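Sequence annotations record features per position, and here TrEMBL assigns transmembrane segment to 23-45, 208-227, 233-258, 279-299, 305-325, 332-353, 373-406, 528-549, 555-577.
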């Protein structure tokens, strides 16, 4: 972006013309998506889809069809047309490290629908149902006489099992079979009865859970409408809490220091001296922090008014653009579709490759050569395309809000500004979105690699290496957050001027630096206000849940339903209020550009709302009274 040839000194011309931006990056993204499609097609063409859906045994045979002989492997190349289900001889033997079932797999014609306690029961099941649960080389008549049956027949008692829908695997009906696996995932459940009670609590209260989830959705929508009316109250609450908290904390520390000093004079010990010195350091640090905090609040007190005004205007935006409320739904729906596709292809890749004998004489499917690295490409695709979808949402919201802000007569707004923004995105700015999302991907991948290394080396590395890894992960996380914020503002600049990503990012960065204190005020006060909104929704939903679940007598434990409801409420509140935060950020950049290039004089009238005009008017009056106004800064603002 440093090589961008356009100057940020040029005039901004909101919505005057549109042109295609970052076309090479769009072509690169399309080529990348074609590569993702090739991976899917390759895995299907090599039989991975059939092996995943139909299942295969330990000898490389796909269940439910005729198979080709694998050289060097006995029992391969069998005709298993009538044996459509995969059965594991020991389904409860799970390898948690390698995440697979350590058991011989066979193709059978039916899953055992009841528990089989002896070899005689297994033999009777085979004779009655025609489903042989022992290895292929044993006939049902040999189950109770052949000594090889101890190794080639399932471990008994054989648990009752049922086929998994669409995947043709026989899975035990009783979840206690996976007690070890469940214990590794849910460490707080030491008794299976507790798990059963928790699950029964969820199942019997599913109607209440769905109702409370709907309540959190309604509360989030209501809060987005009324937050512009309570923003001033929230700011005052925040200010009072900060003042009381800092003064109270500092006062308590000095009181403890004075009390300890009186007792330390009587107890002349080293411990007392150390405690006294620590309290003195804490009290001094708290005092310095309180003074600095008060100075910051004194400097930024006028800029807090801008935050309140922006929240008020954001509420008006949602009234004029009600479809903005549904943006999280569409984005989440598209992400779910993509993640479903991605997981499906990942499962295909897990069964792709050529049959290779392993150390135990069974078959595993492995890819050789460069093809074995395809899953790396697939992982990069997960990150890039997910970020691309989120960036499309940001560009859509930015385009709609920019249209609202820079339309002087709100009656002349397009019938559906959201759809108009989507149309501009698809026709002109997909390349910009692809480039911005790729930059985030470049930061995410090293961070994820470092997190994986840190997880794998847990308990093995020394303290210095652990500290360096955590520091690198933290720095990359901070860089990612900063780039995400800059990208969002770059998308807004692109929506305004239809410039490429680098030019837009540079222009937006210059505007943000010029308004650094205002940005700090909005990102502190505004974010805290939205956090309070999330807490309000979660607490309201949780309180309603406690009151409703308290009268439910059909189960014993309702902790898990309440946790599910509160987590869902927080997720919903975060999705909706993040859109609100996005709208506020876009409005601020539009406001900053408006005040920079317009002054209210004829021919340079403001685009801003009356509430923002009142803020500018009050700011100029206060500057004039302080002796710092004059000239253009002192001119009266013209009406819209």
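Just so you know, glycine gets a Cβ as well, placed from its N, Cα and C.
A contact between the transmembrane segment (305-325) and the transmembrane segment (23-45) is absent, since fewer than 3 of their C-beta pairs, 6 or more residues apart, lie under 8 Å. Here the transmembrane segment (233-258) lies next to the transmembrane segment (279-299) in space: the count of CB pairs under 8 Å, restricted to residues six or more apart, reaches at least 3. In this chain, the transmembrane segment (208-227) lies in contact with the transmembrane segment (528-549); the count of Cβ pairs under 8 Å, excluding pairs fewer than 6 apart in sequence, is at least 3.
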